[in-house]
């Protein structure tokens, strides 16, 4: 009995060593990108699955995520409308962001997303305080939208549209660029995302130049979560249509 038990030890030790090795193994590039894709908004709307309101809400961080996305902007707009003063207007969203982080910490929820939001608010506030103009609170958003549009357009031009990249990592489909229908759908969906960023710039920049701070704040709120949610839903429907076709219907892509 003892000999049999002892003979099992090398096997157990080998299994433990293998498990430890797997735990210590660094993720490959593809695994890392897949994890990043799952953390994106589209990561909650997997291609091939039927779209649901619950999954769409999850893609935006749930009710908490919606509140965290909207509340600081509302705080700035309301405070500036009432006081017409810069300092309290930039302090209000920062205080709200800190309270949201504290609420997450108390409930033992992840705080990194909220901390990143606070950092963005702090940068915007610092810029506005430095220039002394409340409208400059929105300047970082212009760079974000411009950079997003540029990045998406580049992925389209190199025939690796960003929506297809995310869908490919989510599904493990590495051959999607060779599928004409998938490439076309991913390209069109990516064009929509670039267009959203450019539309925000087209609407908000004139308001910025006109020093219409209140209108700019209201427009940013309207063109934020509502537009994002609507386009995410459309993208999901497009991806589902392309990624659920029968395999024998797939054809090599020769052009979009």
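Each residue, glycine too, has its Cβ placed from N, Cα and C.
The annotation compositional bias 'Basic and acidic residues' is assigned in TrEMBL to 1-11. What TrEMBL records for 12-21 is compositional bias 'Low complexity'. Under the heading region 'Disordered', TrEMBL lists 1-25. The annotation transmembrane segment is assigned in TrEMBL to 86-103, 110-130, 142-171, 183-203, 215-236.
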Contact set, same chain, for the transmembrane segment (183-203): CB under 8 Å, 6 or more residues outside the stretch: 141-142, 145-146, 148-149, 152-153, 155-156, 159, 161-165, 167, 176-177, 219-220, 223, 227-228, 231, 234-235, 238-239, 241-242, 253, 256
Non-local residues, at least 6 beyond the ends, that sit with Cβ under 8 Å of the transmembrane segment (110-130): 61, 65, 68-69, 72, 86-87, 90-91, 93-94, 97-98, 100-101, 104, 136-141
